[in-house]
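Novice: One structure follows; several queries about it will come next.
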Amino acid sequence: MPGSLPAICEATWPKDVGIIAMEVYVPSQYVDQAELEEYDGVGAGKYTVGLGQARMGFCSDREDINSLCLTVVQRLMERNSLSYDSVGRLEVGTETIIDKSKSTKTVLMQLFEESGNTDVEGVDTTNACYGGTAALFNAVNWVESSSWDGRYALVVAGDIAVYATGSARPTGGAGAVAMLVGPNAPLAFERGLRGTHMQHAYDFYKPDMVSEYPVVDGKLSIQCYLSALDRCYAVFKNKIHAQWQREGLERRCSLEDFGFMVFHSPYCKLVQKSLARLMLNDFLHHPSPNTESGPFSGLEAFRDVKIEDTYFDRDVEKAFMKASSELFENKTKASLLISNQNGNMYTPSVYGCLASVLAQHTPQQLAGQRVGVFSYGSGFAATLYSIRVTQDATPGSALDKLVSSLCDLQARLDSRKKVSPGVFAENMKLREETHHLANYIPQGSVDELSPGTWYLTRVDEKHRRQYARRSMNDDRPLEAGLVTSSIAAEHVPSPLKKMPRIPTTTAGPEVVVISNGDH
């Protein structure tokens, strides 16, 4: 039976494996989408209303996938006072590939050098926007496996989403999310509840190894996304029904069983359509829906539609978006904060949505909720799974610490600098012309980067990349050289002595300059 496992297995697993801590990084500059509409000469509202986007973050040539991941990992470790020897697995999910052999994970290992910890499993995972989810599953599976040594797993999802000039460009963005995975987590993965669908399609792909730009079949990509959502939801419901039957429960799974629903967000309007799509699924699979009153009121005309014929049916879309509007307001709208304000981050997109939910609710509002998570990556791979939030929302609890660490998310987004569409276009042209050059010194201003941001200092003649970090204490970039913090981080006890826990004290930043080649 789907979802069935021997009781002896469940008894030996660590309890409540999931996300303990999160950190989000977005670039310090953005372009306003309304201004971009005017600059591009398109109709007012095409990007802001049609796509649901307000701002788009972007990177100059000073940032690449390695620097994004360096920044978000070090911030996570510092803000949670974690020692690097408490991490036993480090997974990176990204589709922003700058080397066909060397992983971003190996670049991140330079952050571990002072601790002496080289016993860290995991490498990069790639499949469009799904790589972060695959990396997260790898981490959760490791903690639940016989390979686990008692330490944390660390997952990083990061990407720079850029497009050639044209209709796809406003769906770009950039950023990274880091997640600490372990037992006794405030966000625990519900075991056995993953609905996955994978299929071959050329909806979005990057065959040109010297270009950051993808090849996109927009209409096919939407169809693939929505069909994957349908199938993942059906598999998920089959598995949760099987669990309920074993528990002696006779009930149907629907959107009402989720406190929140978050989705991979290429653009916000697609997410709103996706929630309506799940309501359509509930309606079509209900044996006798009430069309006189309640959520399905007035939908009787759509009772006999075939779901595979509705991907571009405007009547169905309009009717179910209207019918699901209250559910969207309550379960999904809050998740779109980062997506609306920063754009599509590819692999971190769905986890930026999860962070947005946490940032805008209190621990008491989140406690005990089931969060549905739909992750999609073109090509294509998709999974719908669920997370159960802990019931413990007391001050100082793991949930309280997690929510507190993200409560300034809106302030972080508001602190960025707005630049004109012309400056944005110049930065895109600069990236286009230089992102694969050797013996290159980046031209972007370091002064525009936020304190504590890692940035690219040069690419040598052998394509080896070197990085530096801006000081956390002032706005001046650091000079090259190794500088260690005068405040030692509190060390997590050895896994041989005690299960790792996040310390409560705050440590000062450790500052180093590193490269992805010789060091």
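From the backbone N, Cα and C atoms, a Cβ is placed for every residue, glycine too.
TrEMBL annotations: computationally assigned, not manually curated.
What you see is a predicted model, and the numbers here were worked out from it, not measured in a lab.
The active site, proton donor/acceptor feature in TrEMBL is assigned to Glu95, His264. Per TrEMBL, active site, acyl-thioester intermediate is recorded for Cys129. Per TrEMBL, CoA binding site is recorded for Ser221, Lys269, Lys273. The domain 'Hydroxymethylglutaryl-coenzyme A synthase N-terminal' annotation in TrEMBL covers 13-186. Per TrEMBL, the feature domain 'Hydroxymethylglutaryl-coenzyme A synthase C-terminal' maps to 188-470.
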Novice: Let me know the largest Cα to Cα distance in Å among the CoA-binding residues Ser221, Lys269, Lys273, as an integer.
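Specialist: Site span for CoA, by Cα atoms: 14 Å.
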Novice: Just jot down the residues in the same chain as Lys273 (CoA binding site), at least 6 apart in sequence, with C-beta under 8 A of its C-beta; none if empty.
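Specialist: Listed in sequence order: Leu226, Glu317, Met321.
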Novice: Enumerate the residues of the same chain, Ser221, Lys269, Lys273 excluded, that satisfy the criterion Cβ within 8 A of the mean position of the Cβ atoms of the recorded CoA site; list them in sequence order.
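Specialist: Apart from Ser221, Lys269, Lys273, the close residues are Ile222, Tyr225, Leu226, Pro266, Tyr267, Leu270, Val271, Ser274.
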Novice: Among Cys129, Ser221, His264, Lys269, these being the recorded positions, pick the one whose CA is nearest to that of Glu95 (active site, proton donor/acceptor).
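Specialist: Result: the closest of the recorded positions to Glu95 (active site, proton donor/acceptor) is Cys129.
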Novice: On a C-alpha basis, identify the one among Ser221, His264, Lys269 that is nearest to Cys129 (active site, acyl-thioester intermediate); the candidates are the recorded positions.
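Specialist: So, spelling it out, the nearest of the recorded positions is His264.
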Novice: So if I draw a 10 Å sphere around the Cβ of Lys269 (CoA binding site), how many other Cβ atoms end up inside it?
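Specialist: Taking every protein chain into account, the count is 16.
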Novice: Under a criterion of Cβ-Cβ distance under 8 Å and sequence separation of at least 6, what residues of the same chain contact Ser221 (CoA binding site)?
Specialist: Asp203, Phe204, Pro266, Ser378
Novice: Give, as a single whole number between 0 and 100, the mean pLDDT over the domain 'Hydroxymethylglutaryl-coenzyme A synthase C-terminal' (188-470).
Specialist: 96
Novice: Please list residues from the chain of His264 (active site, proton donor/acceptor) whose Cβ is under 8 angstroms from its Cβ, counting only those at least six apart in sequence.
Specialist: Cys129, Tyr225, Ser349, Val350, Cys353, Phe374, Ser375, Tyr376, Gly377
Novice: Let me spell it out: for each of the active-site residues (Glu95, Cys129), count the other Cβ atoms within 10 Å of that residue's Cβ, using every protein chain shown. Which one has the most?
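Specialist: When each Cβ's neighbours within 10 Å are tallied, Cys129 tops the list.
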